[in-house]
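**Student:** Input: one structure, supplied below.
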Amino acid sequence: SEDDGSASPESQEMSYTELPCPSICPLIYAPVCVEDSNQDFYLFVNECEVRKCGCEAGFVYTFVPREMCKATTSLCPMQTKSS
């Protein structure tokens, strides 16, 4: 059979649903840029902050090289998930 469940995903798109969500991130300045499905860019202080946002807000994103980053905000788009 072709589909044995071990195929790796083709895209780099990620969303994190691990529980509990990371609540505290290290105070490390290692900026990462991501792009969401609306082609909006976000610049986060570090990868942990991206994962925290992804987990808490259901934020789906793709990592983008810094030189291609057109980020206008560094805030997590919390409003994407209605609680």
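Heads up, the Cβ atoms here are built off N, Cα and C, so glycines get one too.
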**Student:** Looking at S6, S11, which residue has the phosphoserine feature per Swiss-Prot?
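**Tutor:** Swiss-Prot annotates phosphoserine at S11; the rest carry no such entry.
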**Student:** Which of these disulfide-bonded residues has the least crowded Cβ, counting other Cβ atoms within 10 Å: C21, C76?
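**Tutor:** Output over disulfide-bonded residues C21, C76: least Cβ neighbours within 10 Å is C21.
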**Student:** Taking DSSP three-state, what's C25 (disulfide bond) in: helix, strand or coil?
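**Tutor:** Assignment for C25 (disulfide bond) reads coil.
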